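First the structure, in the form of C-alpha cells, and then the observations on it.
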Amino acid sequence: MIPSPSEIADIAEAGLIKKATTPWRTTFVSAMFAGALIAIGFVFYTTSQVGADQLPYGVARVLGGVVFSTGLALVIILGADLFTSTTMTLLPGMDKKLPAGRLLAHWGVVYLGNFAGSLLVALTIFLSGTHHNSAGGWGAVVIESSVAKVSHTFVQAFFLGILCNVLVCLAVWAGFAGKSVTDKMVAITLPIALFVATSFEHSVANMFMIPLGLMIKAEGATDVMAAVNSSANVDALTIPAFFLDNLLPVTLGNIVGGGVFIGLGMFIWHRRGAYRQTAAAAATFKAPRED
C-alpha cells in the first residue's frame with residue numbers, strides 16, 4: 001500500500017534528519033560515493049549521445065535522460081548523500097528539528113564530498129582514454145556539452161538550476177513512497193529523464209562533466225578536436241567560466257529549487273497546516289465538566 005502524502009512527509013523528514021546528524025567523516029565518504037555515482041550516470045549519458053545527432057532531437061535527448069537516471073537510482077538505493085536532494089533538509093530545519101548551523105555544515109560537507117567524488121571519476125575516465133572512443137566522438141560530446149554549460153548567462157544558469165532541482169527533489173520525494181527497488185526506480189526515472197532531456201542544470205553532474213571537458217581540451221588530442229562540432233566555441237571552456245558562469249549560479253539555483261520550492265514548500269503544505277489544525281482543535285476543545 002502506498003503511504004499517504006502526509007506519511008511520505010514523515011518518512012522524508014525522518015530520513016533527512018538521520019542523514020544530517022550522521023558523523024562528518026561518514027557523511028563525506030557517502031557524499032563522495034554520490035558524486036561518483038552521478039558522474040557514472042553522466043558517463044552512460046555521454047555514451048548514449050555519441051552519434052545521436054542522426055536521431056530526432058527529442059528522441060536522442062530522452063534516451064540520454066533515461067540512461068542518466070541510472071546514477072540517481074544508485075544514489076537512492078545505496079543511500080548516498082547528494083547535495084541537490086540534501087537541500088530538502090530545510091524541511092526539518094523549518095520544523096525546528098535541525099539547528100541551522102548543523103544544516104548548513106551538512107550542506108557544506110556533502111557539497112565538498114560530491115565534488116571530490118565527481119573529480120575522481122573525471123580523472124579516472126580521462127586517464128583511461130575513454131574520450132578517444134568512436135574516433136574521438138565520445139570526447140567531442142563531453143567538450144560540446146561543457147561548452148554549452150558555460151555559455152549560459154548567470155541568470156539563465158540560475159533558473160536552469162532551479163528547474164533541475166525541483167525535478168530531482170520531486171523524484172527523491174516520490175522515491176520515499178517506494179517499498180521496493182522497483183518502486184523507487186519507477187518513481188525517479190521520468191522526472192530525472194525530464195531534467196536531463198530539457199538541459200536543466202545539476203551542480204554535481206557539472207562537477208564531473210565540465211572538469212572532464214577541461215582535461216580533454218587541455219590534452220588537445222587530434223581525434224577528439226576534429227570530431228568537435230565547428231560551431232562549438234571551445235575557447236569559452238575555461239576554469240573561471242566553470243566556476244563563475246556555471247557552478248556558482250547553478251548551485252544557487254539548486255538550493256532555491258530544492259530547499260525553498262520543495263523543502264520549504266513541503267513544510268508549509270504538510271507541517272504548518274497540520275500545526276494550525278492541531279492548535280485550532282485544541283482551542284475549540286471543551287473539557288468535560290466535573291460534577
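Cβ coordinates are placed from backbone N, Cα and C, and glycine is handled just like the others.
Any TrEMBL annotation is an automated prediction that lacks curation.
Feature annotations, courtesy of TrEMBL:
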TRANSMEM  28-47  transmembrane segment
TRANSMEM  59-83  transmembrane segment
TRANSMEM  104-127  transmembrane segment
TRANSMEM  154-174  transmembrane segment
TRANSMEM  186-205  transmembrane segment
TRANSMEM  247-269  transmembrane segment
Hey, which bits of the same chain come close to the transmembrane segment (186-205), Cβ under 8 Å, at least six residues off its ends?
34-35, 38-39, 41-42, 45, 58, 61-62, 64-66, 68-69, 71-73, 76, 82-84, 114-115, 118, 148-149, 152, 157, 160-161, 163-165, 167-168, 170-172, 174-175, 177-178, 246-247, 250-251, 253-254
Are there residues at least six beyond either end of the transmembrane segment (247-269) with Cβ under 8 Å to its Cβ atoms? List them, or say none.
9, 12, 83-91, 93-95, 111, 152, 154-155, 157-166, 168-170, 173, 201-203, 206-207, 210
Same-chain Cβ contacts of the transmembrane segment (28-47) under 8 Å, 6 or more residues past its ends?
22, 64-65, 67-72, 74-75, 78-83, 109-122, 125, 130, 133, 138, 141-142, 145, 196, 202, 204-205, 207-209
Take the transmembrane segment (104-127) and find every residue of the same chain, 6 or more past its ends, with a Cβ under 8 Å from one of its Cβ atoms.
19-20, 24, 27-40, 43, 81-83, 86-87, 89, 204-205, 207-209, 211-212, 215-216, 219, 251
So which residues does the transmembrane segment (59-83) touch in its own chain, when a touch means Cβ under 8 Å and the partner is 6 or more beyond its ends?
19, 27, 30-31, 33-35, 37-42, 44-45, 47-49, 52-53, 107, 110-111, 113-114, 168, 171-172, 175, 181, 184-185, 188-189, 192-199, 203-205, 254
